[in-house]
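J.: Heads up, here are the entries from TrEMBL:
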REGION    1-65  region 'Disordered'
COMPBIAS  26-45  compositional bias 'Low complexity'
BINDING   Thr117, Asp191, Glu216, Lys246, Asp250  substrate binding site
DOMAIN    251-412  domain 'S-adenosyl-L-homocysteine hydrolase NAD binding'
BINDING   Gly282, Glu283, Val284, Gly285, Lys286, Gly287, Glu303, Asn406  NAD(+) binding site
Amino acid sequence: SQQIQFADDMQEFTKFPTKTGRRSLSRSISQSSTDSYSSAASYTDSSDDEVSPREKQQTNSKGSSNFCVKNIKQAEFGRREIEIAEQDMSALISLRKRAQGEKPLAGAKIVGCTHITAQTAVLIETLCALGAQCRWSACNIYSTQNEVAAALAEAGVAVFAWKGESEDDFWWCIDRCVNIDGWQANMILDDGGDLTHWVYKKYPNVFKKIRGIVEESVTGVHRLYQLSKAGKLCVPAMNVNDSVTKQKFDNLYCCRESILDGLKRTTDVMFGGKQVVVCGYGEVGKGCCAALKALGAIVYVTEIDPICALQACMDGFRVVKLSEVIRQVDVVITCTGNKNVVTREHLDRMKNSCIVCNMGHSNTEIDVTSLRTPELTWERVRSQVDHVIWPDGKRVVLLAEGRLLNLSCSTVPTFVLSITATTQALALIELYNAPEGRYKQDVYLLPKKMDEYVASLHLPSFDAHLTELTDDQAKYLGLNKNGPFKPNYY
């Protein structure tokens with residue numbers, strides 16, 4: 001009787017004609033993929049529309065066309081994204097409420113170049129609420145959320161950015177922010193140093209009016225220190241990257257959560273038992289390794305710094321040279337802020353279907369240029385996923401063309417960005433309002449007092465209660481009851 005039952009089941013199964021079933025399925029897939037509103041915010045792809053935003057005539061509802069975005073009609077969708085981000089950025093919103101009355105940035109004309117996402121939009125709108133005028137471009141050609149850029153343009157921010165810009169578009173957008181009649185920037189907020197570099201190269205006179213630069217990435221800060229060393233830095237700059245609230249939070253915790261997100265969305269990879277090499281064990285590397293280890297991956301680390309290498313050993317990772325493990329690993333992740341960490345020679349020796357990606361700010365860590373040669377075939381498999389195919393059929397899976405994985409291929413946790421954004425806002429307020437002579441033409445770290453203030457603004461989200469020192473304890477430790485609790489070098 002069991003056999004008969006089974007035969008019935010088989011019949012039941014074959015009743016559905018497979019062809020029509022398949023056809024309707026494919027139709028529904030193609031329909032949903034063209035509808036940008038049905039997909040997640042960061043998935044709005046720009047490839048479906050050939051007309052460059054530079055060619056389009058667009059105006060917002062107030063009749064202004066002082067912007068260049070993918071599609072101003074997406075503004076309402078973008079506004080929802082910004083409102084969702086605000087829910088998790090309570091510290092920035094409370095700073096906005098506290099300082100809205102006194103308008104500490106009244107008269108500030110800020111030109112900015114950062115990732116343009118729902119989270120940075122909350123920062124930009126906070127700066128505007130505090131009295132600033134803003135012009136904004138993107139520091140990465142892939143990380144812009146088109147609908148968010150549209151919402152900012154609708155709200156009156158002069159924003160020039162869209163997802164999937166060409167190299168030429170990228171510099172054109174930056175130029176449009178700086179080079180404008182009747183409007184002269186007096187503050188710069190930069191992420192990666194490209195905007196600062198462009199102003200130095202093209203419009204050095206702008207620096208006569210600039211009161212300060214705020215920079216938030218390893219790469220950009222490195223460029224500032226180089227300028228300072230060469231005696232070419234002509235305005236004070238605030239190094240937000242090395243402030244505790246950026247280093248210990250954005251670099252570590254943000255990467256710990258977003259590395260897996262970016263890899264999963266692009267490749268559907270299973271990490272258990274996979275061999276992964278992480279190049280660099282700074283804060284970003286530490287975050288990536290912790291996440292990968294938790295999923296059961298076998299993790300190797302490469303490092304140039306003996307202190308970081310020792311930390312990696314103590315955390316249970318094998319410290320190796322890349323050339324020693326390149327043949328056997330399944331995933332290679334760079335997070336050094338350096339260049340040519342993964343060379344063509346390494347890429348040639350990788351095994352079939354090895355995944356290669358970058359978590360550092362700039363796209364110089366993986367030598368992608370060396371792959372653009374006639375003997376290799378590039379195949380675009382998904383948005384941000386390329387298969388580079390060698391003559392013998394071997395494939396290497398390259399994500400985001402070697403650019404920043406988490407912001408190009410996924411999103412980053414809003415809460416962590418609130419910490420960085422609040423730090424950036426305070427740095428701008430500090431530099432803009434500083435009396436003449438307080439800051440020389442040099443690179444400065446945020447005072448610890450401000451770092452601690454940023455941290456304290458975020459504690460209510462966790463319902464966390466700080467203990468207060470007694471007078472006796474404060475005296476014993478030689479501290480002020482209200483801080484700063486950390487020494488300057490921390």
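Glycine too: its Cβ is placed from the backbone N, Cα and C atoms.
Caution: TrEMBL annotation is automatic and unverified by curators.
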J.: Give me the non-local Cβ neighbours of Asp191 (substrate binding site): same chain, 6+ apart in sequence, Cβ-Cβ under 8 Å, ordered along the sequence.
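T.: Cys113, Thr114, His115, Cys139, Glu215, Glu216, Ser217, Gly220, His361 - these are the non-local Cβ neighbours of Asp191 (substrate binding site), listed in sequence order.
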J.: Any same-chain residues 6+ apart from Asn406 (NAD(+) binding site) with CB under 8 Å of its CB? Would you list them in sequence order, or say none?
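T.: When sequence neighbours closer than 6 are ignored, Asn406 (NAD(+) binding site) has Cys254, Cys255, Ser258, Ile259, Asp261, Gly262, Met359, Val412 within Cβ distance under 8 Å.
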J.: Among Gly282, Gly285, Gly287, the binding-site residues in question, whose Cβ has the most other Cβ atoms within 10 Å in this structure?
T.: Gly285
J.: Which residues of the same chain, at least 6 positions away in sequence, have a Cβ lying under 8 Å from the Cβ of Asp250 (substrate binding site)?
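T.: Val416, Leu417, Ile419, Thr420 - these are the non-local Cβ neighbours of Asp250 (substrate binding site), listed in sequence order.
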J.: Express the predicted model's confidence over the domain 'S-adenosyl-L-homocysteine hydrolase NAD binding' (251-412) as a mean pLDDT, rounded to an integer.
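T.: It averages 95.
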J.: Could you round the CA separation between Gly285 (NAD(+) binding site) and Lys246 (substrate binding site) to a whole angstrom and send it over?
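T.: Cα of Gly285 (NAD(+) binding site) to Cα of Lys246 (substrate binding site) measures 15 Å after rounding.
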J.: Would you mind reading off the Cα separation of Glu283 (NAD(+) binding site) from Thr117 (substrate binding site), to the nearest angstrom?
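T.: Answer for this pair: 23 Å between alpha carbons.
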J.: Which residues, sitting 6 or more apart from Val284 (NAD(+) binding site) on the same chain, put a CB under 8 Å from its CB?
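T.: Those within reach of Val284 (NAD(+) binding site), by Cβ under 8 Å and sequence separation of 6 or more, are Asn251, Leu252, Cys255, Cys335, Met359, Gly360.
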